[in-house]
Each structure stands twice: as C-alpha cells, then as structure tokens.
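These features come from TrEMBL:
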REGION    136-155  region 'Disordered'
REGION    167-243  region 'Disordered'
COMPBIAS  173-182  compositional bias 'Gly residues'
DOMAIN    242-347  domain 'Fibronectin type-III'
REGION    257-281  region 'Disordered'
COMPBIAS  267-279  compositional bias 'Acidic residues'
DOMAIN    351-443  domain 'Fibronectin type-III'
DOMAIN    447-540  domain 'Fibronectin type-III'
DOMAIN    544-637  domain 'Fibronectin type-III'
DOMAIN    638-729  domain 'Fibronectin type-III'
DOMAIN    824-918  domain 'Fibronectin type-III'
DOMAIN    919-1016  domain 'Fibronectin type-III'
TRANSMEM  1044-1068  transmembrane segment
Amino acid sequence: EGSLVILVQVNPGEAFTIQRDDGQIQCITGPAQVPMMSPNGSVPQIYVPPGYVQQIIEENGVRRVLVLPQTEFHPGGHSPLHHPPPPPPHAHLQAFIPHPHIMHPHPHLYSGMAGGTGDMNPQYISQYHPAHTTIYSEQDTHPPHGRAAFAHRDERASKTYERLQKKLKERQGVGGGGGGGLALSKDSPPPSPQKSRGTPPSGGDLHNGLGGKGAEEQAQPSTAVTGLGKSPGRGKETESGGRIYIRVTDIQAKGASLSWVAPSQTEGDDEPTEGEEGSAEPSFMYEVSVSYCGKDGKYKSAYSGVELSATLQDLRPATDYHVRVQAMCNCLQGVPSEPVSFTTLSCEPDRPSPPRKASGTKSSLVLQWKAPCDNGSKIQNYILQWDEGKGTDAFEQCYYGPQKQYRLTKLSTASRYYFRLAAKNDMGVSEFSEVVHIMTSCSVPAPPLSPELIQSGVTWLCVRWHRPAGSPKEDEISYVLEMEEEGSGYGFQASYDGDELSHTVRNLHRSTTYRFRVIAYNAEGKSIPSGVSEFTTAPDRPGCPCRLAVKGKPHPTSFRLTWDPPKDNGGSDVTKYVAELSEGLSPSWNQVYSGSAMECVCDDLSPGCSYQARVHCISAGGESQPLQVQTPPVPPGPCQPPRVVGKPKAREVQLRWAPPLVDGGSAVSLYSVEMFAPQVDEGWEVYQGSELDCTVGSLLPGRTYGFRLRAANKAGVISSIHTLQARPLLYSPSTCLGLRWEAPCDHGSEITSYQIDLGERQPILTGPVTKYIIQNLQPDTTYRYSDISVIEHVVHFMIRIQALNSLGAGPFSHTFKLKTKPLPPLPPRLECTASSHQTLRLKWGDGPAKAQPTDSLQYHLQMEDKNGRFISLYKGPCHTHKVQRLNESTSYVFRIQAFNEAGEGPFSTVYTFTTPLSPPAPLKAPRVERVDESCEVSWETLPPMKGDPVIYCLQSMQGNSEFKQIYKGSATSYQLPNLSSSTEYRFRVCAIRQCQDAPEIIGPYSSTVILLPPRVDTPGVSGATGSKAAEAQKPKRSLTDEQFSFLIIALLAVTSILIAVAIQYFVIE
C-alpha cells in the first residue's frame, strides 16, 4: 500500500554500476531507467560526486532521481534547483527493497539532463535486464524535456553492456581494478535546450567529451556523470590498439576546444624501465573532422597539424556535433577515433530584422517584426527603442514584452521616428537591429493642379501632374488619374492609381478627345478632384492609295498614271500624293509627281523600256506605305536533274540536286520529290522541304523508278523529271539458279543440313532448308541437277544432293538438267536521220526498217515530256520511228531499251535532238492592178514569228524568161513602172524569216498571177478581152472550213425535208 516506485535515469554514453547480494558487480549502460521500490514510501539519499546535486522529479505518481551539475549562476534569472544537503552514506537505505517486476528500461523515459547514482546498498537496487523493452509501472511516464526515444539503440546498448562485462571479468581475473574516475568540473554551466540535427548518439558514443568505458567506471562504486557544459577531464586516456581517444573541453556557444594524446606504437607495450632507453617516438600528423548530421553523417575536415589540441570556431549554438581525430604517419593513415558527440551551449538570439510599419494614422503607428533565431533558448521578450521623434542618436525604450507588434499613440502628424529592435532570452540580449525610420500620416492633401500633356501619340497620351501645394515632403501621397472619353457617356473612369507624377494612357482611339483630372490621397483620405484638362490623340498615317493603273494607251516616251484615294485616311485628310518611277528592276526610285491630284503624266521616258510605278500619300498622321505596281514573279526555271549519291542500295536511294538557275524573281522556298513506280502513271510524294537532298526508302530491288523534282516559289511550281534505277542485290535468272526439294525421311533423327554436289565445283553445304539459290553462274550455260525442281527458271546443271543428320549422310539424289538464261540485250545506238520543224526521224541498230513480228529482239523508245517524265513512243521490233507534232527549234531528249525473252536490258544514255526553225507560211496569190503604164502588186501580211521579223520577196517573169527578184523588203505592196504594152507579166511572192542567230529562212512562193497586156480592139472586143483578163487576174477562191460546214448542214436539212415530204405523201396518205 505504502510502496513507492523510484526510477534512476542513466543517460546515453554513461554507465551505472551496482553490487548485488552475491558480491557481483553489475554495469548498466545508458540510455536506461533503473526502477526501485521503497516499501515505506520514503526517498533514499543517493551519494553524488563533488560539484553535483541530486534532484527528484515526480510525474504522474512516478519519481525520478537526477544527478545534475551544481550551478552558481543562471543567466535566465530562474531560481536554482533545490539542493538537499549531502546525506551520510547509506542513510535510510535499509527501508528499500528491489521491485520484482519493473526492472526493464522504457524506450520513452529518456531525459536530456545528465544523471547517475552513487554508491548504494545492492539490496535496494534491483538487477537490470537489458533484453526487455517495457517498464511495468502503475502509470506511463514521459520525460520533462520530450527528447526523442532511443528504442532503436537498445540492441547496440546490449552489445556494449556485454563487451563491458567481458572486459570486467578479464581484469578481475588478472587482478586489475580501479582507476581513473572522471573529475567533474564545478563551474559547469546549466543545461540548455538542445536542437537535435542528426541521429541521436548511440550507447557507444561519447557525449560532450565523455563516454562509458567499462574498465574504468566499474572500478569505482559511483557512476560517471556529465552535463551539457564543460566536460570533466580525465587523468589519462586509455590507449587500445593504437586508436586515439579525443575529448572535448571548454564548450561554448560557437566554439569548443579539443585535445587528444598521441597513439601508442604497439598494442600492449609496457612502459620502459629506468635502465632502458626509450625508442624515438614517430612524428604524427592529426586531422580533426566534424559532422553535424549525426554519427554516420558526412564529416568535414576542421583541423590538420601536429598539435595535440585544436579549437573549433564558427559553430552553431545549441547544436549537436560529432568529432573524431585520425593520426597520419609517413603517408600512412591510422584508424579514426570513435566519434565524440557534444552540444554547443545556448546563447543570446541573433540580431533581429528591423521593425516595419503595419499601419498608421496621423497620430499612431503599428509596428510589427519577425522573431530571429533563438540559438537554443526561447526568446522571452523584445526590446523596442525609439528616438521620440527628436532626430538624435539617443534612443529610449518604448516597449518591453513577448509580443511581436506594438502600437504607439499620441504621435505628431507627418513626423519621422527612428526605431531599433533587440531580442532577449535566458542567455542574454541580442544586438540591436538596423535603425529604421517610419513616418506618421498627414492630413488630407489639397487638390492638385490640372494635369498637363507631355506627348501624344496615335493610341496613347502621356500626362503629368504636380504634387499638391503645401504638402510636406514626408507625406506619402498617391494619385488617381481619371479619364473620360468624349461622347462615351460613361463619365470619369480611373486609369491610374499610384505614387508617380506622370502616366501614359494607352489603347486609345486615334484623333479622339479625352478629358483628364487628378485626385490626391493619403492614409487620411482623398482630396477634391483637380481641374479638367482635354487632350486629343494624334491621327494615324493613311493607308495606301488604291487602284494604281495606267490610264489610256502608253506612248513611246510617256504614259498617264491614275489612282484612287486610300480607304483609310488615318483620321485626317490627305494633303499630298507622291508618285515615283523605277526603270526595269532597278532599286532606285525617281519622283515624278507631288501634289493633291489623283493622276499624273510620266514623261521623258525611254521608248521600249519597262517601268515600275508606286505612289503614296501624306497627311497630318504621316506618310503611307507605297502602292507599287511591278511585273509579277514567275515560277522558277527548269530544275536541274537530280543525281544519285553513291551506289543505290537494295531498298533505298539517296538523291541530291541543285537549285534552279533562274528563280523567277522570287527565292525558291520549297522542293518536292515525287516517285513513279514501274507501269504506274500516277506518282506519290516522297519528300517535301527546303533541303537539297533526300533519302527515298521502301523500294523494291532491281526496279526502275522515276523521280520528279519540283521547285516552288511564291509565284508557282516548275518541275523536272529524272529517271534512275536502283539495282541492289538481285538474283538474275542469267547468273543464278533457284532450287527447291522435298525433305526425305529422317529415320528418327532430325536432318541438320544438306550437301549439294556440283561436280567439279566446290560442294555447297546448306542448313536444314528445302530451297537454295546458286549464284555466280555463267549465262546461257547447260548444267545438270538431281531430282530438283527450279523455283523460277528452267536450267540444266549436274548436281547431286544428299541429306545429313547426326548419324551420317544419306544417299545422293538423281541428276537433273537445267539451263541458265542469256543476259538481256544492251541498248543500241540512237541517231536522227531526218528532221523538220515538226518531225524527227530516228533510227537505231542494224536491220530492216520493218521487221517481222516474230523477231525475238524488240525495242522500247521513250521521250522526255515537258514535266521531265519519260513517256513511251514506240515498242516493237522495227529499227526506225518518226516522231511527229513537235515544236520548232526545240530540243527533245530520247532514250532506248532493248529486250527479249531474257528480260529487259538497261536504258541507253539520253540522246538530245533539236528541231530546226520553221519557215514562214505560204502566201496567197498577190493582187495586181494596172495603172496606165505601170502596175501595183500587193499581198497579205504575216505576223512576226516568235520575235523574228518577216520580210517579203517579189519576183516577176516577163514573157517566157525566168523569174527575177524585183523587190525585197518589209512592205506589202510594190509598184512596177514602165510596163510593156505587148508583154505578158507573171508575179509571185514569198515570205522570208529573218532569224537572229541563224541565216534567213525562205518560205514557199505563192501561186502565180498573170498580167495580160492591154488590147486596142473594138470596144466590144476590147471590153470582152478586158473582162477576161480581169477574170484571169482574179485568183480562184476556195471555201473556208466554216463555209463548207454550213453547206453540208444546209444540204442535210434540205434532204431531210424532202424525205419527210415523201413519207407524208406516199406512206401516210
């Protein structure tokens, strides 16, 4: 009923040793809580080392005994912990007995305060069982500081405990004991809150420079205790296996001192005696590494040298660190020491940021600030100081408290105040922040002056205004610019709100009047609106004039231009038009007119030249874009044929081409490649883009493909065709034989291969297949095969074939004869035997012009059309062909191919033949009229032939003589004087084409016209004779096609009417 449960807390890295009834020493390593039970409810007095005090904490009915360093001064101002007077040893301990069930460590009962126990009678301290993880108590208890649990360290703690027990037994066996308890420092600082920045230290780690080494701690009945301040020093570090042990001393908030001893040379070496000389000690280098991410975190080098101590600087307050040291000798690195963990002390907060103004009026200010880093100790209060508006460096405190904002009242209007801020915690007061000045608000500002216009644009207006008169400079005044569009009916609308004194209003309408006014305001309110100002946006430049054209017929040296006004004048009337001319494609322009009229005369021009004209207009808004009239671009010139890059592959071919020589006045922007399969009229596009090469794939081996290349600019497309042949690896019937056979019976063992015996040639060994192609044979050769059927072509080849399996080779098959086909014929040579301006007669090969249909060798003639594609002209056995309906002076491209039963041979190289120029057309018979003793001969006119002028040649024959030329020129009539009255004259005329780069071409002569001599007979006779002569002079006229068609239609109509009448009369009636 009156029993009391007491927990003795053991911190990580520390050990708690007790002596049981049987005399055995038991060592309990932290973290752990050792439960004890008091039957009479009293608390035992535990012996503590000098400089430490005992503290009892009761929580939820469970008491805990803590051993803490004794403190003489606490910067936070708290009262020191209760220090009971040191009791005599073993006082009141007879009243306690061990608790039978609650002897296991609780994973959550861990405090950041150091603790331990003194020398106690073993009958009052129960045996500790580290294998268990639960404390069975009447209530669950939690540590006052809420540190994280160390349940995940129980296994490591158990291993440390077993290792310490083993060392203890070994030392007891050899008589070793005692020695070297840790000396505790009296002036250890009080504990401070810690901020864990990594993994909590394990049971084997050293905390604040001290750790539980079983061989040392268990020699004394008291437990080694340490706090979170200076670490108590050791008399001497025990060296084991050459490893260095490091200790941390003089721990401060932002620094710590480290020290260590040099490692021993060999493990277990005894100290030299007096008579022996000590060996020379080696020279060691030491490297200290620090980690703030836990024991297993990343270590950074903080010191490297030969000294046995170091000082760490620039550390973070209230932060856990792990430190280790490593020795190096002659480029050899030793084993790093066990990491030692320590926690820097807390200190005063960091320097805070200056306060800021949250709100304010004319007589009050509300200031706010943010909490700085507390450096491990909670901020208790803030100190806000100000200069009371005096403008001096003397500051007075205006607020002291824990809040993060403060309101100051009863201040002066539009006054400047200076403030600074500091933070305070248990460790002290931080530095003051930077000085910041904050002003109180002013009264409602006076109305500003009317806004002014700085600059105007087509869609924007730049407006400015001035600060209200009499307002202090310290007053924070903002402005609202209001705008009203004339005639909109919406009133004034806010277009700007800010503290600037100018603003550009955008997205306005051109040539439109807007009204503006300004309102000033501050924290106290808005002023009366200013006076209204009116500003107008500028007009825009006009559009291009419309319908620029040449009026009337152009003259050799002048023409008249006319145009219409622009559809959009930009908001202002057009004041002037300007017309300019450029000769040909020259980029220079010359002004020919400037005025308000909408037409002008361009004179002083060169006859026979082309000109470009443009016109633009000018208004108050500026100058319009020119309206230009020029010759439009044309499609680019013919493309050069594409070429094959490299050797065509089995299923793809790479093409490359050059741009056209003539771009037609516009740059080529697109190329298109179309492919035409054999015996397919329509092609499909395989490439489109601006590059000059492409790769065409998915082709069939051994096929001939046509490719059409087209170049395009903004005016149109021009195309060119080029045909090429992709000849990849192909099985030719002239050099290859395809064999196929049936698999024989395998007699229970799978056939693995076949052997083809070729007689004199090397045998061929194939896999387990039933067909094979023999290559590299001679064309038109007889061979023999053995019971083999041909896949494609009948050949003769003497072969034996046998099947093989794992047991051996089977018998050979029977023989069989096959024959390879001859090679396809080569193309013949093509030549032109006759030509005219409309026809070309072609001939190839040796043989008759007309061959028999039974001839095995035939030919295929093709011609390239205007699109660059080859079209078929003739296919048959003949050796000549006449190509008709051609154009004069035009080059045509041909190619020819021979084929027979062996297949189609390759196409020949292309041949180009050109048709000659055409002669002029024959003229009709000239007209002859006698005038007294002379006559006038006239004939019809022929137009120029493709730019070549046409002249005429008139010949006459007098009597029975020959025709003689009497006129040659471009006129269409000629007067022959001094005619003989007794001689008969005959006339004929022909046209002559005067070529520029070739001799003249004479056309056929017209029919002859006879001029009979006049007769002087009787009037009747002479009249009859004259009429006959006139009839003779009149040429016979033939019916035109239209007249002949009309005559036939008329005859058919008359015939139909007669037939209808006959049927009506004879049949119906």
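Glycine residues also receive a Cβ, built from the backbone N, Cα and C atoms like all the rest.
What TrEMBL says about a protein is an automatic prediction, not a curated fact.
Note on the domain 'Fibronectin type-III' (919-1016): mean pLDDT across this stretch is 89. Residue counts for the domain 'Fibronectin type-III' (919-1016) under DSSP, helix first, then strand, then coil, are 0 helix, 45 strand, 53 coil. Residues in the domain 'Fibronectin type-III' (242-347) partition by DSSP class (helix H, G, I; strand E, B; coil) as 0 helix, 44 strand, 62 coil. Across the domain 'Fibronectin type-III' (351-443), the DSSP tally of helix, strand and coil residues reads 0 helix, 43 strand, 50 coil.
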